[in-house]
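J.: Residues annotated as transmembrane segment in TrEMBL: A:20-39, A:46-64, A:70-93, A:105-126, A:166-184, A:213-233, A:239-260, A:267-287, A:299-321.
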Amino acid sequence: MQEILSTLPQVLLDGLTLGAIYAVVALGYTMVYGILELINFAHGEIFMAGAFIGTALLFGFVDIGLALNWVTLVLVLIFASLLTGVIGVGIERVAYRPLRTAPKLIPLISAVGISFILQDVVRFVAEYKTGNYIVTGQTIFENKIAIPAFSVGGYEVHASAIKSNTLIVIGIAVLIMIVLDIFVNRTKWGIAMRAVAQDRATAALMGINVNKVISLTFFIGSAIGGATGVLYAQQYATINPFIGFILGLKAFTAAVLGGIGNIRGAMFGGLLIGLLEVFAAANLGILTGGALGAEYKDVFAFIILILVLIFKPAGLFGQAVKEKV
Amino acid sequence: MKKLTSLFSNSRTFQSVLILLIVLCASTSLYLMDKSVTSFLLLLCSFLLLYYTTFSNWIKWGVGALIAFAVIPVAASGGPSQQVYMEVAVMAGIYIAMALGLNIVVGFAGLLDLGFVAFFALGAYVYGIFASPQAQALFQNSSIFPLGGESFWLFIIIGALVAALFGIILGVPVLRVKGDYLAIVTLGFGEIIRIVFNNLDKPVNITNGALGISGIPQPKLFGFTFTQSSHIYFVVLIVLGFVIYAVRRFEDSKLGRSWKAIREDEIASQAMGIPLVKTKLWAFALGASFSGMMGVLFAAKNQFVDPTSFTLLESITILVMVILGGMGSVPGVILGAAIISILNLQILTEITLFLTQNLHVPEVFSPAKMQRLLFGLVLVGIAIYRPQGLIPAKNKTYKIADLKAKLTQKKGKSKETTTSI
Amino acid sequence: MSMLTATSITKHFGGLTAVKDVSINFEKGSITAVIGPNGAGKTTFFNMITGIYSPDGGEIHLDQKTITGLKPNFIAEKGIARTFQNIRLFKEMSVLENVMVGMHIHLNSGFLGTLFSTPKVRAEEEQARYEAYSLLEYVGLADWVNHQAKNLPYGAQRKLEIARALATHPKVLLLDEPAAGMNPKETTELTDLILQIRDDKQITIILIEHDMKLVMRISEQIYVLDHGQLIAQGVPEEIRNNPNVIEAYLGKSALSV
Ligand SMILES: Nc1ncnc2c1ncn2[C@@H]1O[C@H](COP(=O)(O)OP(=O)(O)O)[C@@H](O)[C@H]1O
Ligand SMILES: [Mg+2]
């Protein structure tokens, strides 16, 4: 108990950071699922591509002698999200749109295929350029802010530290979520998006250009996924073409947890999964007396997924919907 | 070209001559030359050709068995370097059987399983642990371990049962959820199994962790040890033969029809009295059991297992085989699995070797590394342009005349006994 | 004697009450029509009887035994079969196989029997094939045996759904808009078929239908739903002249004109 409590501040901070990343990636899954009922397996890879694009850009900036500061970060974020947004729209056009009336299995297979293609293309480029597909990039904000040790109620709490980058990750993630929430609920296009999600045929009858709305959904989802990739690379420095796969799975878990299609739910689910995972990684060893260690943290996330699907398939807040017969 | 195909489909003499010619040419050149990928492939193509002949099924199976059991092993016995071909044939056989298992789940029952390799891993580890010195370490005060190579035959069945059991354990909760979530859950399950095997060296050393289990005995029968790939080849053929037989039986049975019905429409199936979860569980368990069996074979052949053989890439590889060949089509899946495994094991490596050694192309361009790209392209391409695959699934056709004749005969009878339908 | 009874069954979808407090008794061997404007709750009523939705309130009895809330496959086993308003055939399967799926509950082949293809299993399969074929002949689809269900003309697909439902050997047959999309000739054939089914097999038939000519010709009793509620019931003559029914279909203004 003492041990768990003493590391709690660090665990909470790390969990929040990871959770913020899951939350934003989960948004992409949830938006696409809401509108197409398709698990966009490639979304994790879009995130990964964003991380690589951001890293490549920063290398480029260094090459031409630009100083790395918050201006460059903003530039990189904008550029990477535009590019991943376009990739997302392209994927939808090429690999999903022709399959809209096909049996449900077929677009899923196409999505798995796209995700493999992206992984390998990025791997190839990275390996071609750097000789290795594992890349360690430039981090802009490295200084740490220390939180001193203190004690509550007789319990000793260890000192913890946050990278200033952590604050940036959390800040930008929260900003993205707020802007998206406003967009979806208040703007004309956002409302069109919700209309298409609810009933595509009727929305079309009301004069909404369904294809445009779907493209827009993919653009936004992918753009914020890509931006999150940039933040991830900043936070954890080392990236590889396969980071999107497991992370995507967990983000999807977050989306299901929050009720798939539910944007605010996805944010909540992401934070929860992030916190749980970091907590498990830090404390599984302690809780199981050393039998299981941090290497089981991914297992932990999957078990949550399975439990949620069994007991609360509509998510923590959702209501079960039945297919119309 | 059109003339040629019509000639082929119309003349049995032409069919026989062509196949005979191909088999003869390919096998002699394979035998005489030290290494000839082309003749090996040509030899395998004779199976495909055989499938398209118009002979009766009995003849097709007979000739196919003759080529598989006699011609190929003899042709590939010309020199030590030709063990490579036997090795490829063994792996192709293992993959074909697994793809047929996955085809039950994905092709017949319409359930997307992205973690299928987990069952393969289970089979491999079950044999690996109990037949190797690993078990001795595990049960220190027991003298029956390690079980050794004689137990292999029993373990083929045990591997199938254990995999089926896990299929059911996973399926009972998961098959209740909506269809497309299943893909993600199985994906997770595949990863869990791999992570668990990777870490089960503590607190008790069960799987020896990332180091893997070595010293797994080769199959033994009446004192004979199956040491070479060319020995294992016959074991694989027999197991594969059984798998094909079983799949064929189930395809046109009460159970097979229920799988397909569920794939087409769950609600209508239920309204016809089909229990959803139970029927899906059968698909899951049966598919898994094939995979488990092949896992045992794989462990015995390699004499070694470690978690790196059971990654997501493997699961997707098997899926690609099914999708490429044609979901729900047994001949299609066999073809798809053969193409992909030979591509993986033989052709890609040959091309890579050629490029890097002869043309000095940098290693980063080697096609052997681009499996993911290749598989991805196959998946997307098939999904968009040919979702039914290379050899589309066919429904069994019934002879209307027979049905009619039998019916009138029955009607005549039923007038006397007054039992009507 | 009553075959099927619904006792004040209710179904909500969120805020919407699709079926409210409906009680109907269906006599054995009768043909009954359930009519009402679109969205009245007719299909939902069928869905509750067949277990696809479980009612939020009320009871359903088949042959005096409760079937409320049972799963659809158990209800099919107990003897209720149906067709669907928006055709739900097994599209990629052949016409004969569609009917053979309907026989599912009457086939006993087990796992091992199938694997080893025992004589018993072979005989059962053969028997199932002939029965399926005879049902296809019965509904007039004998020429389509090997076609994929999705390639059948629309009217034939509706008939195939009926054949598939009959294959379960039902006591009660529910037909959800069986004549929808049929031309007059097909509708006449269908009318004869429904009557024939009842007479040959003593099956209790309940149908939802908008074609009033068909409804008036074959139903012994008619029930009218509107906004989830039962607003009228009676023999065809009574329903034809019931002002409530005319109002439900045509709106209030229709009466004053
Ligand atoms: N699964 C469902 N979820 C939500 N609403 C439903 C569902 N099924 C039916 N409804 C609604 O219930 C009402 C009655 O529908 P239905 O029974 O199909 O009418 P009918 O068959 O008489 O045309 C309609 O308003 C319909 O939209
Ligand atoms: Mg209706």
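Any Cβ shown, glycine's included, is placed from N, Cα and C.
Keep in mind that this is a model prediction, so the values were computed, not measured.
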J.: Thinking of Cβ pairs under 8 Å, which stretch from A:20-39, A:46-64, A:166-184, A:267-287, A:299-321 has the most of them with the transmembrane segment (A:70-93)?
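T.: By Cβ pairs under 8 Å, A:46-64 leads among A:20-39, A:46-64, A:166-184, A:267-287, A:299-321.
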J.: Look at every Cβ pair spanning the transmembrane segment (A:166-184) and the transmembrane segment (A:20-39), keep those 6 or more apart in sequence, and say whether at least 3 of them are under 8 Å.
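T.: Yes, these stretches are in contact.
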J.: Would the transmembrane segment (A:20-39) and the transmembrane segment (A:299-321) count as touching if the test is at least 3 Cβ pairs under 8 Å, pairs 6 or more apart?
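T.: In this chain the transmembrane segment (A:20-39) does not contact the transmembrane segment (A:299-321) - fewer than 3 Cβ pairs sit under 8 Å.
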J.: Six or more residues beyond either end and a Cβ under 8 Å away: which residues meet both conditions relative to the transmembrane segment (A:105-126)?
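T.: The answer is 36, 38-42, 44-46, 48-49, 52, 91, 95-96, 99, 132-133, 135, 241-242, 244-245.
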J.: Using a Cβ-Cβ cut-off of under 8 Å, list the residues of the same chain that are 6+ residues beyond the ends of the transmembrane segment (A:46-64) and lie near it.
T.: 25, 28, 72, 75-77, 79-81, 83-84, 87-88, 91, 118-119, 122, 125-126, 129, 135, 137-138, 140, 222, 225-230, 232-234, 239, 241-244, 247-248, 251
J.: Near the transmembrane segment (A:267-287), which residues from the same chain, at least 6 beyond its ends, have a CB less than 8 A from one of its CBs?
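T.: Apart from its flanks, the transmembrane segment (A:267-287) reaches 3-4, 7, 10-12, 14-27, 177, 250-251, 253-258, 293-294, 296-297, 300-301, 304, 315-316.
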J.: At a C-beta cut-off of under 8 Å, are there same-chain residues at least 6 beyond the transmembrane segment (A:239-260) that contact it? List them, or none.
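T.: Distant contacts of the transmembrane segment (A:239-260): 21-23, 25-30, 33-34, 39, 41, 43-49, 51-52, 55, 115, 118-120, 122-123, 126, 133-137, 229, 232-233, 266-270, 272-273, 277, 298, 301-302, 304-305, 308-309, 312-318.
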